[in-house]
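Participant: Per TrEMBL, the features are:
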COMPBIAS  1021-1031  compositional bias 'Polar residues'
COMPBIAS  1125-1140  compositional bias 'Polar residues'
COMPBIAS  1178-1201  compositional bias 'Polar residues'
DOMAIN    1-89  domain 'Ig-like'
DOMAIN    94-180  domain 'Ig-like'
DOMAIN    185-278  domain 'Ig-like'
DOMAIN    283-368  domain 'Ig-like'
DOMAIN    383-477  domain 'Fibronectin type-III'
DOMAIN    483-573  domain 'Fibronectin type-III'
DOMAIN    578-672  domain 'Fibronectin type-III'
DOMAIN    682-772  domain 'Fibronectin type-III'
DOMAIN    797-893  domain 'Fibronectin type-III'
DOMAIN    898-995  domain 'Fibronectin type-III'
REGION    992-1031  region 'Disordered'
REGION    1072-1094  region 'Disordered'
REGION    1108-1140  region 'Disordered'
REGION    1169-1212  region 'Disordered'
TRANSMEM  1038-1062  transmembrane segment
Amino acid sequence: PVDTLSVRGAFIILNCSAYCEPSPKIEWKKDGTFLNLVSDDRRQLLPDGSLLINGVVHSKHNKPDEGYYQCVATVESLGTIVSRTAKLTVAGLPRFTSQPESTSVYRGNSVILNCEVNADLVPFVRWEQDRQPLFLDDRVFTLPSGTLIISNVTDGDGGLYRCVIESGGSPKYSDEAELKVLPDPEVPLNLVFLRQPSPLTKVTGQSAVFPCVTAGFPTPVIRWMKNKEEFTIESSERFLLLAGGSLEISDITEDDAGTYACIVYNGNETIEAQADLTVQAPPEFLKQPANIYAHESMDIVFECEVTGKPTPTVKWNKNGDMVIPSDYFKIVKEHNLQVLGLVKSDEGFYQCIAENDVGNAQAGAQLIILEHAPATTGPLPSAPRDVVASLVSTRFIKLTWRTPASDPHGDNLTYTVFYTKEGINRERVENTNRPGEMQVTIQNLMPETVYVFRVVAQNKHGPGESSVPLKVATQPEVQLPGPAPNIRAYANSPTSITVTWDTPLSGNGEIQNYKLYYMEKGTDNEQDVDVGGHSYTINGLKKYTEYSFRVVAYNKHGPGVSTQDVVVQTLSDVPSAAPQNLSLEVRNSKSIMIHWQPPPAGTQNGQITGYKIRYRKASRKSEVTESIGGTQLFQLIEGLERGTEYSFRVSALTSNGTGPATDWISAETFESDLDETRVPEVPSSLHVRPLVTSIVVSWTPPENQNIVVRGYAIGYGIGSPHAQTIKVDYKQRYYTIENLDPSSHYVITLKAFNNVGEGIPLYESAVTRPHTDTSEVDLFVINAPYTPVPDPSPMMPPVGVQASILSHDTIRITWADNSLPKNQKITDARYYTVRWKTNIPANTKYKTANTTTLSYLVTSLKPNTLYEFSVMVTKGRRSSTWSMTAHGTTFELVPTSPPKDVTVVSKEGKPRTIIVNWQPPSEANGKITGYIIYYSTDVNAEIHDWVIEPVVGNRLTHQIQELTLDTPYYFKIQARNSKGMGPMSEAVQFRTPKGKVSSLGSAGKGSRPLDIGPDYKPPMSGSNSPHGSPTSPLDSNMLLVIIVSVGVITIVIVVIVAVFCTRRTTSHQKKKRAACKSVNGSHKYKGNSKDVKPPDLWIHHERLELKPIDKSPDPNPIMTDTPIPRNSQDITPVDNSMDSNIHQRRNSYRGHESEDSMSTLAGRRGMRPKMMMPFDSQPPQQSVRNTPSTDTMPASSSQTCCADHQDPESATASYLANAQEEDSGQSLPTAHVRPSHPLKSFAVPAVPPTGSTYDPALPSTPLLTQQASNHPVHSVKTASIGTLGRTRPPMPVVVPSAPDVQETTRMLEDSESNYEPDELTKEMAHLEGLMKDLNAITTA
């Protein structure tokens, strides 16, 4: 019979046909109870066995016919079978759950008219339009609920609609609803769903309709997707797209299950709805039971394999009655029926009945017990003798016996053992394995049970006599506890789990305690804890980690059976560690790429849901910007400012919050982006490695890293590189050219290219190996302790190894692994070994490190050092060879050691000139761009009080001239590179030789006192000057008179000066200074070229100063006062014939304009010009311009020094600049004059020394060389200074020049002459004239 739907009052036939000889007896069951059809007037049995029900009865309270029917067929001598169960459903009374309502619809749109009834009434529903039956098609159709859908409405669809239920009896009509059709709207209407698809559950073979009814203008287009993939409805006849967009699926199969999405689009907007289709299948047999023929005492199995959705349940019937599982009837392998120890009564029909929510099915087979064949004529064996149980256990017994007396040898006898439980008449049988064997082991017995055994011998004629029955009791089993039921575990927190269980069901004696075993999943370290109750909470576990738990109960006999493992995971928490291997890669002037690795596996404490990146400018505590990204391990931060240092930190996120952040690490965006106005330069190297049919090409990028490289073009061919061209990415450093001919000569070319074009090619040639050479992979061992020997079948080495330089001591190595899937996700236990070394010194050993990711951060490297890197992969016992090498040079760092081997020697023949020699620092950390020599007579003086000498970086020796004789000097040297200044060397002491006092002609050999008071005035004559010579008493008296007179006049002038000055310089500091000092300079700076000789009279302005220039970031001021005793009178004479050259140089002084030069005072009073050297703030390429050059040059092209004097309040600076390096068009910083008293001090000329010529053999810095001139022209002067790329217009500075003194030239030309009395008289007269001029200047 099949499931049937009927209506009240109808008649129904439930089919049933059974065939057999003799004919079977047919009966019917309803709801499991036999029907008495003899006395039933409405139900009757038809001749073929079908059941007829007349006038189905059905009311609200009386439903006698509705139910489950089953047909039973019986043959007395054989047995009974039952049919499947059929369900009879009677439709209820006609009633509507919803009725149609009047509505209006735009032409071309769709409309829905509701008429919903119970599911069992749906087949009886039809629609009428204007009281006429409505014909349905794919434009006008009903849903399974009865609802009417009209798509693409036309004017003819207007009218009155109603639905009708015809379920027997008079029809039932719904309310009428009017449908009005409106013309097209002129404005677009929003898309809306009138009916969306809803979830459906269907049985295979049925049909399903997913409605997708929308309204809107313009008329939308509808398409369908299944499981988020497009599918073409035309691909199957079972799929039909109804008008308006609804989807109909007929003859449903299990493959149709899934999620269906309806996507509606009308050009303006898109809307979407989806629903699931669940497909169920009634039970179906994959294997049906087969008839079995067997003898008594045998064991048999009926097989039954079934499928269905939901999974069916299986039960077995024997002769129409359900089989109850027992010791002899067992369900094995889920659905099979096993019968042990057959007896005659087991004969009959066995049926496998499968059932699930949507149906049931049955399949049967017959069991026939065979009689033993009659024995043939001949002697049969007698009973086996001495049957004993030689081994008795709880679950098995071993029997042994001797041969029957009738057959003492018994070689051809086989034996059968029959056994049964005492009191049970169902014997089971066990046969020996081979003839002559006289023992057997009976398994699967019950403990502490009495069994009866007998043995029968059998020969070729048949079975003989049975032995006497033997009773044996199995051993009692120690009753240990069974497994504790209902073991459950749940997490309380990220570090604790509670486990609960119940008391075991079995057990001989009460439970004494429990032992709870637990271990972290994936490990084999099981821990246990004793528990008295039925629950326990374990604390201190790892966060977000899976643990397995099992419980063992103990009684007086010991431990029982363990429970199954239950696995539970601790709760997640915020990560307890920061992400690893954070690295920064500056992409360009406005973006930085950040890379990192997740926190270590044991510290993630949950599923990482994203990463939080925080960054700010590093220059100050600026605002922190936050960026939250996904789970990718990199982020490009864009929109940064150019040339700015930024700090970054990253923290991991879980659903619980944010974990700890990494330390701040910084990187600076490029000042400007790379150049792409020209093609790249030639790659710096190209290497080829030929194999049989391929050549591995590797290269290094162009040395000039300032030009953009977009990629590399590799050309190759036999004899010519132009046959084939391959382009690869700019990051790539190697390529394997495949599919080449063996033993062929290939020419290979490599060019870097960018958007401008291709650069200069690099050529290389290679001959591929012959066919006989099979060593495609070179196996070699470098530095054996670190290199695992590869197996005969090594793994593929990592490829694409790249080195990204991150800082002066860190390089990031990345690679790919071709033996991984395309997504490069590592799922096995492989690890990678990274090794690196530098070739300086040549015997450096490799260092190695292991990692389980595809990148590694190599730290603690030396700055400015070229390293080579390679990677190998290891998995179990298999390792690859080392990959191709990648190279990277770490960034520079400031020198970390001072120049070494500093020595000072005196120059032969020139006791006041010394030569300083040194060697570069051992840890230069970059190219040395310059050195600074510091020297002082006081080793304990502040460093800013030492004199400094700059030297270019390629020199390792330097001359210092004009030192004071017989004076100890201390020297220190400091190196610098592009990153800044290094440490200073230890002070080296050197004492200048003693000089000899000679005649006036040997001036310059003497020395001056170290401490000269601040009120010291130079003498008016050479007598007391350091270069004076002994004179007659008359000369001395005359000079004394002159000195006293000048002194009185000077005092008067000083008083006048005091009236005009707003402040006076204190003399406290001056008393501590040596004679060669500035009034209050910030640093003495010794010019490194010959300076212009000052004129005889010096008028200087205290507030002549330069505009401020960028200060050096060096915390120590570079220039300061230096109390160095220097004989300021030793001035190198310069021939007047060079004067014309000096006039032509814009940095030289013209004539007496050199009066505003500090060199005058330095020459007269041992004062040094104040020089500010902004070393650290300069780019390396500007260092020559911004620091005094130490190159040897003739006096005519020398640098000049413009400087001034100042009070303590106004520290000013003077600069040296190389005239040859200045552009003629460059605007220069200028001196500014602030009004003050124009006369602060003056000096008279002294006699210059002889023989103090300039030796250009070594770079030297003679003291400010004076240049006399006979051109007392007033002129506007500008200070010439190399600045940091800024230009300023010159500011004129008018300096009053002193009246011309004709004698000056004579004095300079004749340094050996003595003053006669007449000359002194002239000098006095001349000085009086000078004083008048001075008075005129001061009163003005």
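Just so you know, glycine gets a Cβ as well, placed from its N, Cα and C.
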Participant: Per the 3+ Cβ pairs under 8 Å rule, pairs at least 6 apart in sequence, do the domain 'Ig-like' (1-89) and the domain 'Fibronectin type-III' (383-477) touch?
Facilitator: no
Participant: Taking the domain 'Fibronectin type-III' (383-477) alone, what is its mean pLDDT?
Facilitator: 85
Participant: Most CB pairs under 8 Å with the domain 'Ig-like' (283-368): which of 383-477, 578-672, 682-772?
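Facilitator: Ranked by Cβ pairs under 8 Å, first place goes to 383-477.
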Participant: Could you tell me whether the domain 'Fibronectin type-III' (383-477) and the domain 'Fibronectin type-III' (797-893) have 3+ CB pairs under 8 A, leaving out pairs under 6 positions apart?
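Facilitator: No, the domain 'Fibronectin type-III' (797-893) does not contact the domain 'Fibronectin type-III' (383-477).
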Participant: When the domain 'Fibronectin type-III' (797-893) is classified with DSSP, how many of its residues are helical, how many are strand and how many are coil?
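Facilitator: DSSP classes over the domain 'Fibronectin type-III' (797-893) add up to 0 helix, 47 strand, 50 coil.
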